[in-house]
Each structure stands twice: as structure tokens, then as C-alpha cells.
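Since the structure comes first, as C-alpha cells, the remarks are kept for the end.
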Amino acid sequence: SRAIKTNQDLLPETPWIHIFYNDFWGTLLTHSGSHKSYRPLCTLSFRINHAVGGMDPWGYHLVNVLLHAAVTGLFTNFSRILFGDGYWTLIAGLLFASHPIHTEAVAGIVGRADIGACLFFLLSLMCYVKHCSTRGSSPSTWGWILGAGLCAGCSMLWKEQGVTVLAISAVYDIFVFHRLKMHQIISALYKRKNLTLFFSIGLLTSWGTALLGVRLYWMGNKPPSFSNSDNPAADSDSFLTRTLTFFYLPTKNLWLLLCPDTLSFDWSMDAVPLLKAVSDWRNLHTVAFYAGLLLLAYFSLKGSGNERECNGKTVMNGKQNANGHSCHPEMEYKTLEVKSSFASKEENGLKKHEIQKLQLPSTENIVILSLSLLIVPFVPATNLFFYVGFVIAERVLYVPSMGFCLLVTVGVRALYVKAQKRFLKNLVFCSTAALIVFYGLKTVVRNGDWQNEEMLYRSGIKVNPAKAWGNLGNVLKSQSKISEAESAYRNALYYRSNMADMLYNL
């Protein structure tokens, strides 16, 4: 309602330039009541939709679906750089296309902010990949990095987290393209041949700082303020409660990516009870989550000492094995064949950096990039730098889910490579196919919840009963179902007795 129906910035009589001074909801960005959600390109897309089809929702939904299709295509194309032209790239693309966590972003029209940000996020990343591959050999390389910077700015103007693509680009350059390990980064500073690398990283850092500085200035140098119901942990007086809850929330978000069984249109209020004591058993989930994350990052950054000989990173097609951790006799002849083909190409005048482009990254490199894609775009939603206006928001996981899909794919591939028997290989492959099918079925079911407001609010009763019953009461009241609406309001007050609007409506 606020983003489209009552947003004056969508009307033709409102000067279009107002979009760049108002927030996502049409409120002046410097106003004390503004949520500081500065997404002018998304609002502009709504305005174009309004100009073409008015308030007919069909056109708005069509644009969302087309954008999701474009993002899926770009993500699959990017996966090809990591996995080659085989099955693994297809698996990564299908995982992203079918994941149920995307339903809110695609089926909910205001979720377009996340899809649009992800589209330009990937365009920026692909431009930087092109810059890396042409650096030192083509004058157009600096045009590619300029394109990466412009697309990063556009991504941020769709949604704030889009600016994090600059950090992902730096990770790709250091750990995937140059294949550096943590202990090699310091020594690489002193090598003259790496000057172009650090110059590119410097440009990314400078551009990111400039974008964030302008963004902060434009919103009046003040963070937004939210109500207690939006983010109860942020409003808690107890430092321990805030700390334990904020550390736990990423664990809950990861579980939604792993097992999106229970989804909700709203996770505010008491949908996730606060962690008020160290004895809360959910802290075990927190410890397990961060321990696993740190171990995965440590072993990936450290790398294996025999990776050049054994992990198959020079294998060209992703169909058989591409990057396992251990040597396998069935792959030795393929690696030797590829090496000999590289040698012949080098003799024919193919430059060393062009040969390097053809090689697939190692498993450790892909894990580092995947973790970065999972974590960095999610950081703005962690309450680490500023409080946000939600507890959990499924749409916020649209961009980080790319890292999750890459992690699952590289994990499945590692299992497939390590499996010695054909039966086990087939089992791994069939299990992955089953996962994609179940994700797709859940997405279809979840889309049914988004058919109309009544179905959506009924589906959220299990997670957030107070908010769901209250919204459902409003829908039933508008349908003149007075007795049912009264019952819904009373149910809402049963779970949260201090909701003034429910008392007023009742």
C-alpha cells in the first residue's frame, strides 16, 4: 500500500525528480519519520509500471518474474566461470531458480528492490571478472572496471546492500583469479607484477567509500528509528539480550536457507523470542554455527599443500571431476591431457594469463568466494553497524542465497569426487536432484500463500500470530465478515495485549 498504492512519487503529476529526494515509501528522506530506505531506481520502475498499466497488478508481477529470470541466467553464467560447462553449473542455476526463500522477493511486488539490486550486483561482478581477464593485455580493461563501478552504484540505488558487490569483486580478484592464500597476500605486496591487482583493489575501495559517504550524506547523516515491535532486540535494555539475540539471528537465517519449511510474511514482534540468558539452549545453535563457519573459512584460506597436483583445478570440463581434494587415478590422464594442451597452446603463442583464464578455480577458492557471497551482502541486516527495522526478512536473503547455492554445489561436487563406487556417485547426484525438486515444490506451494492477503496472513499465524491475526482481522473487516474479524482481533490481542490499533479496531 505505502510503496505503490499511496505513493505520490508514482503519479504522473508528481515531478519524477522527487524520486531522488524521497525514500522508498514516498516520504522525504530527511524527514524524522523516514525509514531511510533510499531505492530510487526501484521506485522509478514502479512509476513506469504505473504509467503503462495503472494499478493492474499483472504488469508488476510480470516485471518481477522477468527480473528473477534474468538474475537466474546471470547467476548461472557466473557459475560457469567457477564450475565449467558441465552439470555442476546447471545444478547451481537450478538451485537458485527453485529456492523457496525467493518467493517473497518475486511474488511480493515490493521485493523487486532485492531482485533489481541482485541483477546489477551480478552485472557489476561480471564486469569486474572481465576486467581481471583483460588486465594488462587490453586497453578496454579500465572500461570494464568503470562498468563494474557504475553497476555497483545502480545496485545500491535499487537497495542498500547492493554496494557490497565491490567487496565480493575484491575477494574474487585475490582468491579466485590470482589464487592467493592468506599467507601469500603480504608477500604479494612486494612483487611488482601485482601492482595492477592492488591498484584495482584500491579503486574498488575508493569507489565503495565514496558511495557510502554520499549515501549517508543524502539521508541526513542520521540512522532511521524503528518501533519496539519492528526489532524488539534493538529496543532491549539488556546488553546481554541484545548480544545473544543478534548473534543467534544469522543462525536462524541460515536454517531458512537450508530448510525453508516454515516461511512467513513477517518475523517481527515475538516471532523469534529474545535470548535473555546464556542458559538458553538456542545458544548451542549459535556456537555450532560460528564454529562451523570459522573452520570452513580457516581450511579454505589455508588451502591444501598439494592442490596443484591433486585437486584437479586444471580440469577443463565440469562433467567428471573438477576440483576434488584428493588424487584419483581416473582423473590423472585428464589432468595430464589438459596440461599438455596448455603446453601446445603456449607454443602457439597463447599468453600465460590467457591460459590461466581457462583453468577452473580450486575447491578452496570457490568456498572462499561462496562464503563471501553468503556473508558480506547479509552484513547490513545483522544490526552490526546500525539497527534495522526487522528481525528476519526472507527477501533480504535473495542476494546471499547465491553464496548458499554455490556452497551446496561445491559440497556436492566434493562428495561426488570422493565417492569411489558408482553407486555412491549416483546416490549423491540423485539426492541433489531430489533437493532441487523439493525446493521447486515448496516454491509452488508457497506461491499459493501469496495468491491473496487472506491466504498470506493465514499462512503466517504459526510464526507470528499477533501480526497475522491482526492483519487477517483487517481483511475480514473489509469483506464485511464482522464476527470473524472480531474473533481475529481478539486472537491478536491474546498473543500481544498492548496492540493499540487492534484495540481500536475491536
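Cβ from N, Cα, C; glycine included.
All annotation found in TrEMBL is predicted automatically rather than curated by experts.
These numbers come from a predicted model, not from an experiment.
The transmembrane segment annotation in TrEMBL covers 58-75 (among others).
If you look up TrEMBL, you'll see 109-129 (among others) marked as transmembrane segment.
Residues or ranges marked as transmembrane segment in TrEMBL: 194-218 (among others). Sequence-distant contacts of the transmembrane segment (194-218) (same chain, six or more residues past either end, CB-CB distance under 8 Å): 29, 38, 128, 131-132, 135-136, 145, 148-149, 152-153, 156, 160, 163, 166-167, 169-170, 173-174, 178, 188.
Residues or ranges marked as domain 'DUF1736' by TrEMBL: 221-293. Per-residue confidence over the domain 'DUF1736' (221-293) averages out at a pLDDT of 88.
Annotation comment: TrEMBL describes 284-301 (among others) as transmembrane segment.
Taken from TrEMBL, the feature transmembrane segment applies to 366-390 (among others).
According to TrEMBL, the feature transmembrane segment maps to 396-416 (among others).
Residues annotated as transmembrane segment in TrEMBL: 423-441 (among others).
Look at the repeat 'TPR' (466-499): DSSP puts its residues at 27 helix, 0 strand, 7 coil. Here TrEMBL flags 466-499 as repeat 'TPR'.
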Sequence-remote partners of the transmembrane segment (396-416) [C-beta within less than 8 Å, at least six residues beyond its ends]: 75, 79, 82-83, 88, 91-92, 95-96, 99, 101-102, 105, 111, 114-115, 117-118, 121, 161-162, 164, 253-254, 256-257, 321-325, 363, 366-367, 369-375, 377-378, 381, 390, 425, 428-429, 432, 435
Contact call for the transmembrane segment (284-301) and the transmembrane segment (109-129): at least 3 Cβ pairs under 8 Å, seq gap 6+: no
Beyond the flanks of the transmembrane segment (58-75) by at least 6 residues, Cβ under 8 Å: 4, 45-46, 49, 52, 92-93, 96-97, 102, 105-107, 109, 111-112, 115-116, 118-119, 122-123, 126, 402, 405
